[in-house]
Each structure stands twice: as C-alpha cells, then as structure tokens.
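J.: Annotations for this protein, taken from Swiss-Prot, read as follows:
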ACT_SITE  89  active site, proton donor
BINDING   23, 57, 58, 59, 81, 82, 83, 114  5-amino-6-(D-ribitylamino)uracil binding site
BINDING   86, 87, 128  (2S)-2-hydroxy-3-oxobutyl phosphate binding site
C-alpha cells in the first residue's frame, strides 16, 4: 500500500494569505502572530505571506473566497474568534462562517485552513490563542503547509 501525505517542508514558491477578523482582536491578533510565526519557522519568507483583514468572522467567507479565486495563493488561512454571548448571534455567525469557508475550499480546490475559534468564554479563547491550549493560528498554518504539500504530491 502506498501512503501519500503532506509534510511541513518549505514549499518553495508557495504563497500564503492569512485572512483575519479584526473583531475580538485581543485574541485574533495572537492567532495571526502564531500563524505567521509557524510559516516563517518552516521556511516561508515574509514576502510570501499576506495579511488581509476583515471586520469580523461573518465577513471571512467572502474575503476568503475572493482571495482563493485571485489565483495568487497556494493556501488561505482563515482566522477569527466567535465567543458565545447571551443571544443566538453566536450560532448564526459560527455556522455561516464555517459553511462559507468550507464551501469556498470545495468550490476552488484550494487548501483553506480553518482557524476560527468558536468558544463559550473569553477564557477559552485566550487559552487557544497561545496559552494553555496552544495557538490555533499556528496549528491552522501547519495544516495549510501540509495541505499545500499534499496537493502537490497528488498532482504528480
């Protein structure tokens, strides 16, 4: 049996777009830092990383779609933080963001890493942006690197 999987090697000419929400930036800023740092540590030069900011997580799917369709990137990394409040708003934003980003990945065939936190509390968001539970932005960047590598291998 042949096993084909991606790796985290420097993808050479690969370009990455980080599309990040400004809302909850006290969390998302750390996700962005984690993602950029992970890419750099794996050999991606700064001039191959673009940061695109949107108002909030609800706007991520459209920006991710436009970025993916532009044809300039090997992968897109979507970052945001949706924190549950006392209204159903959380469910709507989290659900539509997730569905929109997933639909874009399937429609374009471009790897899109989902690093949008959907949490119950501010504490959970902070934990997942670089403290107790690691940095989910860095994890999303590693997922993007691995998927770029895998897509290249599958095309050979």
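Cβ atoms here come from the backbone N, Cα and C positions, even for glycine.
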J.: Tell me, how many other CB atoms lie within 10 A of the CB of residue 87 ((2S)-2-hydroxy-3-oxobutyl phosphate binding site), whichever protein chain they belong to?
T.: 8
J.: Can you give me the Cα-Cα distance between residue 86 ((2S)-2-hydroxy-3-oxobutyl phosphate binding site) and residue 23 (5-amino-6-(D-ribitylamino)uracil binding site) in Å, rounded to a whole number?
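T.: The separation of the Cα atoms works out to 17 Å.
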J.: If you compare CA-to-CA distances from residue 59 (5-amino-6-(D-ribitylamino)uracil binding site) to each of the recorded positions 87, 89, 128, which comes out shortest?
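T.: For residue 59 (5-amino-6-(D-ribitylamino)uracil binding site), the closest Cα among 87, 89, 128 is found at 89.
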J.: Using the structure shown, find which entry in 89, 128 (the recorded positions) has the sparsest Cβ neighbourhood within 10 Å.
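T.: Taking 89, 128 as the recorded positions, the minimal 10 Å Cβ count falls on 89.
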J.: Quick one: give me the count of other CB atoms within 10 A of the CB of residue 58 (5-amino-6-(D-ribitylamino)uracil binding site).
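T.: 19, counting other Cβ atoms within 10 Å of residue 58 (5-amino-6-(D-ribitylamino)uracil binding site).
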J.: At the level of the C-alpha atoms, what whole-angstrom distance separates residue 114 (5-amino-6-(D-ribitylamino)uracil binding site) and residue 128 ((2S)-2-hydroxy-3-oxobutyl phosphate binding site)?
T.: 14
J.: DSSP three-state call for residue 87 ((2S)-2-hydroxy-3-oxobutyl phosphate binding site): helix, strand or coil?
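T.: The residue in question, residue 87 ((2S)-2-hydroxy-3-oxobutyl phosphate binding site), is coil (DSSP, three-state).
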